[in-house]
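K.L.:
For reference, the structure I am asking about is given below.
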């Protein structure tokens, strides 16, 4: 979905995503780029094209339909569907478009096998193991029974075995990460000893960077592709640094006016001027996916200088204290993400200010009208 009724602009830099992928590939080898959920708000097809030009051999979409869009756009490499075949229409679509669906329950596996046999083909699948996330997947300890069931299935071919780490970005949870890795490795060993040849894939961005012992045949980075530091705010932050942010969000000033001591701005009078000051009313509100949780907290960037948000974030407007920037006028650029100079704002900071994570910030702000630079 793209918001089409506002004055915000999201600027995306696909080549930065490609360069981040090159760096991840150099560190961990065989990096399958995760571009699910419209590439975390950065634009599915534009991101896929940039990664294709960079040499990415595998892309990971969310739904089968999203994966099919990548295929229809001309990408000839491997496309995974991380959510797998969930809708009735997904099974045949995945088979016909050579999409590799993550498959994590027996009914799903049998149905994909039936689809492959009906179409006279072996559909490549990725077996999903739940090693500790508690969401989708086969229990690793059922690997022997799974290997036995697969022996009777001529309509599928296991091309990949995957799992997902729940706490790899949390240094204090190292033991849990390694336990997930142990359960995964044991299941992989059982399946390979049963005669199956496949690519094992476990490490996300955090594990790729911090857990070399959990790198298998391929890795599956996501958030680091988009320039966010997966270890932001931890004592491992240095490991996740130096990836280039690939999104900026620009708004504009609507009006600048004086606010006298004791006067308030926006709903609820949650901000009352402690002294005479100047405020700029800007085009940014919660209908633009600019979080209401930023009310009276956080900053925007005007011309390289950070200025604080004051008062409640409204539906299509917010207010900034520009007392220290006397030249601000209607029409000036206001950067909610990125922007020039030392005032550049990171998605991780916005997330901290409103109590969420950078992933959500990118996915939401990315729904504004986009321009690719």
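Quick reminder: no glycine exception, Cβ is built from N, Cα and C everywhere.
Okay, these came from TrEMBL:
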| type | residues | note |
| --- | --- | --- |
| ACT_SITE | 36 | active site, proton acceptor |
| ACT_SITE | 267 | active site, proton acceptor |
| BINDING | 135, 315 | substrate binding site |
| DOMAIN | 246-373 | domain 'Alanine racemase C-terminal' |
| MOD_RES | 36 | N6-(pyridoxal phosphate)lysine |
K.L.:
To the nearest whole angstrom, what is the C-alpha distance linking residue 135 (substrate binding site) and residue 267 (active site, proton acceptor)?
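P.N.:
Computed Cα spacing between residue 135 (substrate binding site) and residue 267 (active site, proton acceptor) is 40 Å.
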K.L.:
For residue 315 (substrate binding site), list the number of other Cβ atoms lying within 10 Å of its Cβ atom.
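P.N.:
A count of 12.
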K.L.:
Of all the recorded positions given, 36, 135, which has the fewest Cβ neighbours within 10 Å once its own Cβ is left out?
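P.N.:
Each of the recorded positions 36, 135 was scored; lowest Cβ tally within 10 Å is 135.
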K.L.:
Quick check: in three-state DSSP terms, what is residue 267 (active site, proton acceptor)?
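P.N.:
Its secondary structure by DSSP: helix.
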K.L.:
Which of the three DSSP states, helix, strand or coil, fits residue 36 (active site, proton acceptor)?
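P.N.:
SS state of residue 36 (active site, proton acceptor) = helix.
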K.L.:
If I restrict to non-local contacts, at least six residues apart, and a C-beta distance under 8 angstroms, what lies near residue 267 (active site, proton acceptor) in its own chain?
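P.N.:
Expected: 311, 312, 314.
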